[in-house]
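Q: First the structure, which I've put down as C-alpha cells, then a few questions once you've had a look.
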Amino acid sequence: MADPQPRSDSPSGQSAVSHDEDEGSVLGTGLTTRHIEAFGRKVTTTASHLMAPKSDPTLTTHYQSAMSDIQRELRRPTVQRKVFSFAQTTPTDLVRSKLSTSEIQYRALSALPDELLANIPEDTSTYSLFQGFQASMPEDDNEHRKSHRRRRSHGQKLLEDSGKSSRPLPQTVGSLKRERDVLNRRLEMMGIRKNMCSAEIHEIDNKIANLNNMRKIVLDRLAGLEMDEAELEHELVQLDNRLEDMEEAMEESATLISTPKAVDDEVTLDSENQAMDASFMSESIYEKIPSPKAWKHKSLRKRSMPILHEHFEPGSMIRELQAHNDMITAMDFDVPFGTMVSSALDDTVRVWDLNLGRCMGFLEGHHASVRCLQVENNIVATGSMDASIRLWDLSRASYAPRDNRITRDDEEDDDDALGYEDPSAEPPPPPPSSMEDCPLFSLEAHVDEVTALHFRGDTLISGSADKTLRQWDLVKGRCVQTLDVLWAAAQASSIMGGGDSQWRPTGRLPDASADFVGALQCFDAALACGTADGMIRLWDLRSGQVHRSLVGHTGPITCLQFDDVHLITGSLDRSIRIWDLRTGSIYDAYAYDHPITSMMFDTRRIVAAAGEDVVKVYDKTDGRHWDCGAGVTAEEEGITPAIVERVRIKDGYLTEGRKDGTIGIWTC
C-alpha cells in the first residue's frame, strides 16, 4: 500500500525546499552571498542577449530599440538626480524598500552622513529644538489678557451675587481641564522663553568679553603708535635745533669776516661802556636789565595729538609718579602724554616724560622753592620764592625717549638712570647734563616771592607778595609796566565813594598764609587778577587801569581761568563761582566742604582740589558732580592717599599733585 505522502529524494525537491528557506532568509535577514551570485548570473545572461551582435539570427530588434529608449531616458537631468540619490542608499535598503520611489526619495532627503552627526555639539538644554521653535512663535497676548480680565471680573461678580443668584456655573469639567491644559502649555512656553533669554544673555556676555579683548589689543597697538610718534617728533625737534644752530654759526662767521678790525674795536669799547652803565643801573632793582640769550619765540605745534586717553573710561588711572619728597607747589604740562614740569617744597623743579613716566632732568637755577610755573609748547616759565622769574627752552634738552640699556657701557654709573621701578623709593637723579642748555634768561625786579604768573606770546605778567603786578617784554627781557594793586584799590574806592578805607578785606576770617596775588591770566591787553581780599579785578594793560571789579567771594582768591564768555574763580571760602564776562554777574556757583586750592577747566569739565584725597569734577554738560582720584577706592584697597593740592586738565587728561609729592595721572 502506497504512502499518502511519498517522500521525494530527487534534487528538484530538495532545491524547492531550500529555495523556500532562502526566500524566507532574504525577506527576514537580508541578502546572502549565494543570492548575490545568482543575481549576477542573471544580469550577465541578460546583458549577453542585449549586447549580442546584429548578425545573430536569434536576436530580435526589440532589445535594440529598448536600449535606445533607455539611453535617451538616462540623459534627462531628473533621471540622473534620481540615480545619484540611489547611490547614497545601501543595497540592503534598496532591497528592503522593494524599489519604492517615494521611500527612496524620502531616505535620500532625510538621511544624514555620520560626519555631520559627529559635529553636532552637546547641549544641556532642557527643551528640544521644536519646543524652542514653538516658543519663538508670537502669541496673541491681548486675547489672553482680555480673557483673564473676563474671568476675574466674572469671578468677582459671582462672589458679589452669590447670595442673589443660584444658577449653575456655565463651565463643565471638560472645559476646565482644557483651560488648565492651555495654561500649563503657556506656563511651559514661558519657562522655555526664559531659558532662551538666559542663553541669549550668556551669548551676549561672551561676545562682549571677546570684543573687550579685541579692544584691549587695539589700545595696545594705539599706545605703541603714539609712542613712536613721540619719538619721531623728538627727533624732528632736535634736527631743527641743530639746523638753527648751524645757521646762526654761519651768520656769525660771515659777519666776522665782513667786519673790519677797527669797527670791532669800537664795538668793544661801546660794549664796555654799556656794561658799566648796566652795572650802575643794577643798583636800582626796579630797573635791573638782564643780559639774556636772544629770545626767539617759536610757535611750535605738535603735528599729532594723542588720543589714547579718550578711549578709557572716565576716572581710570593712567599712571602714578612718586615725583617729589615734599608737597607739590605747582605743575603744568603741554599736551596729553607730552611733557610735564613739577615743583615742590623740596626746592626742585623736575621735567617729566608723561608718555613713559620718566624724569627727563632738573631745571636748576632758582635759590628757593618754585611757587608757580607755566608750560607752553617748549617754553617753561617759573616763578620762585627768591623773587625771580626764569624761562627755559625744553627743546634743547638732551634726552632720549628710549634709553637702550644694552648699548651702554658696563662701567657707566647707573646713578644717572632716568626711571625707577619701585614707586615708594626716592627718585634717582637723572643725568646732570640733560638740561644744561635749557636756561634762556632770568627776570628780576620783584622784591618778594613770585606767587602767580602767566605768559602769552611775547608778554608775561607776574604777581608778587610785594603787592605789585609786572608786565614783561620777553623780546627785550625787561619790565615794561608795573601795576600797584593797592593804589588801584584806593582809586576804585575813592571813585565809588567808599570812605577812607582803601583796602577792605571781605573774608570772614583773615588768612595770613594766603597769597596777596593768588592767580592771574592775561590775553592780549586784558588781564584778570584775583587777590587776597576776595576781589577779581579786570585790568586794561594799555592804560594800566582797572575797568571792572567782580565782588562775590568772601575769602582769598586762589585760582582763576577765563575763556571767551565765562570766568571761573576758586577761593578759600570753599566756593567756585562762574562769572559772565559780558554782564559781570554770577552765572553759576557751587561749594565744597573745604577751601579750594587749585582749579582748572577744559571744554567739558571743571576740576578742583578742595582739601580732600580726590579731585572734585563738575561736568558742565549735564551738571553732574563726581570724584576722581586714588581716594575713590581707598577703602577697598586699604590705603590712605594724601590730600590733593594742585590739579591740571587738558582735553580730558587730568594730573593731580598731592601733599606727599605724588602725582597721579587720570582720564577725566
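Glycine residues also receive a Cβ, built from the backbone N, Cα and C atoms like all the rest.
Below are the features listed in Swiss-Prot for this protein:
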- 145-155: compositional bias 'Basic residues' (COMPBIAS)
- 193-259: coiled coil (COILED)
- 323-364: repeat 'WD 1' (REPEAT)
- 365-402: repeat 'WD 2' (REPEAT)
- 409-419: compositional bias 'Acidic residues' (COMPBIAS)
- 445-484: repeat 'WD 3' (REPEAT)
- 490-549: repeat 'WD 4' (REPEAT)
- 552-591: repeat 'WD 5' (REPEAT)
- 593-628: repeat 'WD 6' (REPEAT)
- 634-668: repeat 'WD 7' (REPEAT)
Q: If you count every Cβ pair below 8 Å, which range out of 323-364, 365-402, 552-591, 593-628, 634-668 shares the most with the repeat 'WD 3' (445-484)?
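A: So the stretch in question is 365-402.
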Q: Counting by DSSP secondary structure, give me helix, strand and coil numbers for the repeat 'WD 2' (365-402).
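A: Here the numbers are 3 helix, 19 strand, 16 coil.
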Q: List, by number or range, the same-chain residues at least 6 past the repeat 'WD 2' (365-402) whose CB is under 8 A from its CB atoms?
A: 227, 230-231, 234, 237-238, 240-241, 297-301, 329-334, 339-341, 343-347, 349, 351, 353, 355-356, 418, 431, 433-435, 437-444, 446-456, 460, 462, 464, 466, 472, 474, 515
Q: Please give the sequence-distant neighbours of the repeat 'WD 7' (634-668): residues at least 6 beyond its ends with Cβ less than 8 Å from one of its Cβ atoms.
A: 305-306, 309-310, 312-333, 335-337, 340, 342, 344, 346, 352, 354, 597-605, 607-609, 611-615, 617, 628
Q: Can you count helix, strand and coil residues in the repeat 'WD 6' (593-628) using DSSP?
A: 0 helix, 19 strand, 17 coil
Q: Taking the repeat 'WD 1' (323-364) alone, what is its mean pLDDT?
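A: Looking only at the repeat 'WD 1' (323-364), pLDDT averages out to 92.
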